[in-house]
């Protein structure tokens, strides 16, 4: 693995965390303080601004557009747009605690799908570290667990579409040899279209208010513009992280963001917290450290085995996926600051 690639992975992870925390802060002010609760419609605006920004960048030759099979792009864009809408519906029809459980379930379901359909193998140590991580986030963020049939169905669909969408993000970039920018540029219009068409209805169903009847004051418009601009970085870094690492690593990163947002709320916004919240964050951070350590160790081990084999005996990445790819190992190495020799 080259030093340039390692720096690229670190940069994508850092950009993802920083932009995600920033947009949470901005949206919290927009929704809670300024009274603009139309999350799904706002997301469609995010994606439209992202596409327009990438279109300008492409015309200025910052990147080269690459043609991708039309059916693949359309289905991929609609799938990702649908997953966002379902997650918002899940939040609307479930308690906060059950919604948090839905988000937690994405990691084990992603591991399950990759194991069954992509024949990817995860070691017991990796599974244990993910379990510790999920336990910590659950302790910190899950409160009540009130169940209802419709909410449970929506949560199940949200988990399925999110997992498949993130796996496809990684698979399409690797198989078709397209960059995260090229894939996002091609798919963003379709994601925006489905949310733009359904967003006002979903938001009215959840809030009993119309986005068209809302009073758009100068502060509201200002925060909407700021949110859309930050979203360009969020969307770009999401595709970049999944493409350079893996869907599971992206989910681990997502729970790091959850811990950071919770910590921000406790320290700066004076949100109510208990020792259970603090304990959960510490357990989650420990789980992330374990995941990083085991990813580095196993990635290093696979690299040593690969270097020792003759070319004719090298494992075929298409038919025998590695336990943890070299890219995952590099990501974890930099995240944990641990180096190992063969």
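Glycine is no exception: its Cβ is also placed from the backbone N, Cα and C atoms.
All TrEMBL annotations are machine predictions without curation.
Note that this is a predicted model, so its numbers are computed, not measured.
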Which is it, of 200-221, 222-243, 244-265, that TrEMBL names as transmembrane segment?
-> 222-243
Pick from 15-34, 175-194, 275-294: which range does TrEMBL record as transmembrane segment?
-> 275-294
Is it the case that the transmembrane segment (38-60) and the transmembrane segment (125-143) have 3 or more CB pairs under 8 Å, with pairs at least 6 apart in sequence?
-> no
Top stretch by Cβ pairs under 8 Å to the transmembrane segment (149-171) (candidates 72-91, 125-143, 222-243, 275-294) is 72-91
